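J.: Below is one structure. I have some questions about it.
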Amino acid sequence: MASIKIECVAKENCKIGESPVWDAKENSLLYVDITGRKVCKWSSLTQQVQAIPVDAPVSSVALRKSGDYVITLGTRFAALKWKDQLVTTIAHVDKDKPNNRFNDGKVDPAGRYFAGTMAEEIRPAVLERHQGSLYTLLADHSVVKHFDRVDISNGLDWSLDHKTFFYIDSLSYSVDAFDYDLQTGKIGNRRSMYKLEKEESIPDGMCIDTEGKLWVACYDGGRVIRLDPETGKRLQTVKLPVDKTTSCCFGGKDYAEMYVTSASEGMDKDWLSRQPQAGGVFKITGLGVKGIPPYPFAG
């Protein structure tokens, strides 16, 4: 077993860092600061962070086949041109719910952008319940709604054979699985795959490794856990030096490094003085497993 090493690579303290995604062309990690309203890019070559400010809470970022990126911004799917710092709206959801915003999002193996919504939080993880829905943005820029009554739409990924969709609604404290049809993008037959234990706290962002095992960041749990979707068992726990771990992805050369985002929002001065790296981005090496490259949005 290789020895695991954890280092804070992006020290700018995000309010709510989220949605890390590796951009191999740029040797960079993209991520967002939701309530800090910025899209960030950390270069593994220069170790510097560039940030683009936006006009609403920005909750996820994804690669785009035609170049540049797509983001979820407020209740909009939008395109982001990095060099021009230009954001253009692609589609709008939840227009009847002015208090809602998007949360986590990710692109499926066919290039569809899945993302879900939630009500704005009164304070971290405290909000009006059942206000969110799960959506897909298709390549032709039309939007499909899968289901509603979601609390906090969060981590999502697909099995290696693309037949299962994994999804987290945080306040259910469960990682769920659905049957997935890659041809149509339809999901069905929802079931709970893993229920979080008390010390693991709230399930947040998620990614999959090349062995088909899931990694889930535990908000307020200060850890990422590795799960076997076949058995529903936890295989490994990696603890981090901050409590509010929010999401994770693989990146770097051969996708052998894990990147974990975190939050500082809702922490008082005393808590922050004990965890000065809260809101930073962490790189974990020596896990002994690799991830798969992110899929780009097809539209």
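Backbone N, Cα and C define each Cβ position, glycine as well.
Feature table excerpt (TrEMBL):
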type	residues	note
ACT_SITE	Asp204	active site, proton donor/acceptor
BINDING	Glu18, Asn154, Asp204	divalent metal cation binding site
BINDING	Arg101, Asn103, Glu121	substrate binding site
DOMAIN	16-264	domain 'SMP-30/Gluconolactonase/LRE-like region'
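Would you situate these features in the structure and describe their surroundings?
T.: The Cβ of Asp204 (active site, proton donor/acceptor) lies under 8 Å from the Cβ of Asp104, Asn154, Gly155, Ile168, Ser170, Val216, Ala217, Cys218, Tyr219, Thr245, Thr246, Ser247, each of these being in the same chain and 6 or more residues away along the sequence.
Neighbour density for Asn154 (divalent metal cation binding site): within 10 A of its CB lie 31 other CB atoms from the protein chains shown.
Around the Cβ of Arg101 (substrate binding site), 23 further Cβ atoms fall within 10 Å across all displayed protein chains.
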J.: Which of the listed binding-site residues (Glu18, Asn103, Glu121) has the least company, meaning the fewest other Cβ atoms within 10 Å of its Cβ?
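T.: Each of the binding-site residues Glu18, Asn103, Glu121 was scored by Cβ atoms within 10 Å; lowest is Glu121.
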J.: What is the interatomic distance between the Cα atoms of Asn103 (substrate binding site) and Glu18 (divalent metal cation binding site), given in whole Å?
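T.: Distance between the two Cα atoms comes out at 9 Å.
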J.: Hey, how far is Glu121 (substrate binding site) from Glu18 (divalent metal cation binding site), Cα to Cα, in Å?
T.: 15
J.: List, in sequence order, the residues of the same chain other than Glu18, Asn154, Asp204 whose Cβ lies within 8 Å of the centroid of the Cβ atoms of the recorded divalent metal cation site.
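T.: Surrounding the site, in chain order, are Ser19, Asn103, Asp104, Ile152, Gly155, Ile168, Ser170, Gly205, Ala217, Tyr219, Thr246, Ser247.
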